[in-house]
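As recorded in Swiss-Prot:
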type: BINDING; residues: D89, D91, D93; note: Mg(2+) binding site
type: BINDING; residues: C90, C106, C113; note: Zn(2+) binding site
Amino acid sequence: MEARPLATPEEAWRIASSLRYRHIEGTVVAVVQDVETKEVLMVGHMDPIAVVLTLTTGLAHYYSTTRKRIWLKGETSGHYQIVKEFRSDCDGDAVVIKVVQIGAACHTGSRSCFESKYSLIKALKLSLRHG
């Protein structure tokens, strides 16, 4: 599957400029969802440049708050995210990106960063144990 731009550079900058970068290090929160299954794959951060690169290349880019730089998802692993849809919330401080995930989305090698189930019962048992 081939990535295609979702916007021209001018449109991408207009979209990026309309967002409110009020989270960690001047970013918006990016919730990434599988376009077919609707499964939440991961949550990342995007600064204006990551938004523009994502929209103009059709490949998901994020701002790494630990490495302090833009990164292309899959640049080292080959597990790219081909962007099919990009939406912002009503406040403009979060986006949902619907993607075709190539390989694993999580750095642990799992398809999703949300594969571990933590139930209320487990939480209660832990609470009772540690009292």
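Each residue's number is its place along the chain shown, starting with 1.
Keep in mind that glycine also has a Cβ here, set from the backbone N, Cα and C atoms.
Local packing around the binding-site residues D89, D91 was summarised as the count of other Cβ atoms within 10 Å of each Cβ; on this measure the leading residue is D89.
For the binding-site residues C106, C113, the largest tally of other C-beta atoms within 10 A is found at C113.
Between the CA atoms of C113 (Zn(2+) binding site) and D89 (Mg(2+) binding site) there is a gap of 22 Å. With a 10 A radius on its CB, C90 (Zn(2+) binding site) counts 6 other CB atoms from all the protein chains. Here D93 (Mg(2+) binding site) comes close to L19, R20, Y21, R22, H23, V28, V29: these same-chain residues lie at least six apart in sequence, with C-beta atoms under 8 angstroms from its C-beta. Cβ proximity to the Mg(2+) site centre (mean Cβ of D89, D91, D93, cutoff 8 Å) flags the following additional same-chain residues: R20, V28, S88, C90, G92, A94.
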